[in-house]
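According to TrEMBL, the protein carries these features:
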type	residues	note
COILED	105-143	coiled coil
COILED	332-366	coiled coil
DOMAIN	325-402	domain 'REM-1'
DOMAIN	443-503	domain 'SH3'
REGION	292-331	region 'Disordered'
Amino acid sequence: MDWGTDLWDQYDHIDKHTQSGIDLVERYIKFVKERTEIEQSYAKQLRTLSKKYAKRGSKDEQDCKFSNHASLQEILNELNDYAGQRELIAENMMTAICVDLTKYLQDLKQERKTHLSDAKKTQQNLETSFKQLESTKKRFAKEWGEAEKATQQAEKTECDSNATRLDVDKAKQHAHARTHTAEECRNDYAAQLQKYNKEQNFFYYTEIPQIFNKMQDMDERRIRRMAEGYCQFSDIEKNVLPIITKCLEGISTAGVKINEKQDSILFIEQHKSGFERPADVEFEDYTQGIKSATSDSSLNPPKGRAKLWPFSKKNKPPAAEDFSHLPPEQRKKRLQSKIDDISKELQKAQDQSEALEKMKGVYEQNPQMGDPSSLEPQISETSQNIGRLRGEHAKYETWLSEAVGGEESSNAINNNTQHGVVAANQSPNIYLEFDDEFDDVETPVGQCSALYTFEGNSEGTISITEGELLSIMEEDKGDGWMRVLRAGGEEGYIPSSYVKVGP
């Protein structure tokens, strides 16, 4: 079954049906466009949400050492990646469906217009041929009627006794001429009828079936293309489901790996002071050996008990370079951290000094490669930096030794001395009021190496060179930038794609 055979007389329905198919393609394109807009808006809102709740700054990064805080950051990062996959869905739908179908739709409209135009043209040709047939038919009828009248007039004239021989001959000649003309019109009509029947047969059995079959093929191709577009709508999202699944699994993993006990231990390590708890207050018996009113006991009444809770936020002592304003445990940790930082800087400075010395030796052996004297300022500056770092290292080592020794001595006093004596003689620093929120020392969250050279010309950025090792101070929050620290102490933002994060 095909359109040309079974729908040869249904031109109007074929016209409407093919137009309905084109309208369906346009509807689907519009539907997919609106779907992509929804995806893009959803992804944008997810990125905004992720950025809104992402922690920034040294205090927030300090909190992120706790597993429950860090897990939320990981969830936000996974959500940001998830938003990227929604954007990818929108982009692929727009490219693979909307753009391609729009181009196909234009070709489809042009093809349909051509087929309908061909059908109308053949219809017009057949109608023209039919009009010619009608015209020859009418002429034949007219001429045949005139011939019959002429023949009847000739017979009447021949029977008329008053008519002359000349009148009879003239009437017969006129009748003969009319009959001859009628015969010619009859032959023209017969020829035109034969021509029209042939054209009509060709129109209904060849031309129209061919055009309608082409339109059927066109419509079936449109339907197949629409079926592919429907499948693409699903396949595009299926293709990113593995990555979306990984994002969701990452969110679940972030929740599973939270360790509440470890967070509690970390909180203790961060804030324990190292102080010993106060000893019991002894009973002072005034009934034994009461002295006169002028005695020291009456003139100098016993001092009130010292404040038992040393963690008040009032009168915060100024920060000292040796961290003596901190409790013993916190002071030791801060001093050790400072020593570790200085050791790393010292090692880098020594490596730089060795490299400069080697370069100077190469220049001395090969003067064409460079001037050895040009390296002297850098060598001198590096030597001074090494000396400064060694001095600081020794200074902080000394303070750390004092902190360790001082704590042991303080513990011994608190454990072996009566409270009354301690209250009178102990150092006022033991119950010194201080803030439990200490100055945050920002520590790197990772290491990375520069893949490319970047010239940091804008405010807040820094320049890096290819192969340079950097400390990550703030990871990429989804905006494509991370904050890093160079070996020389310079800190700023660089593109995340310019570095490779190390283990």
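Every residue gets a Cβ built from N, Cα and C, even glycine.
Curation plays no part in TrEMBL annotations; they are all automatic predictions.
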List, by number or range, the same-chain residues at least 6 past the coiled coil (332-366) whose CB is under 8 A from its CB atoms?
269, 274, 322-323, 326, 372, 375, 378-379, 382-383, 385-386, 389-390, 392-393, 396-397, 399-400, 403-404, 407, 438, 441, 443, 487
Looking only at the domain 'SH3' (443-503), what is the model's average confidence as pLDDT?
85
What are the helix, strand and coil residue counts for the domain 'REM-1' (325-402) according to DSSP?
72 helix, 0 strand, 6 coil
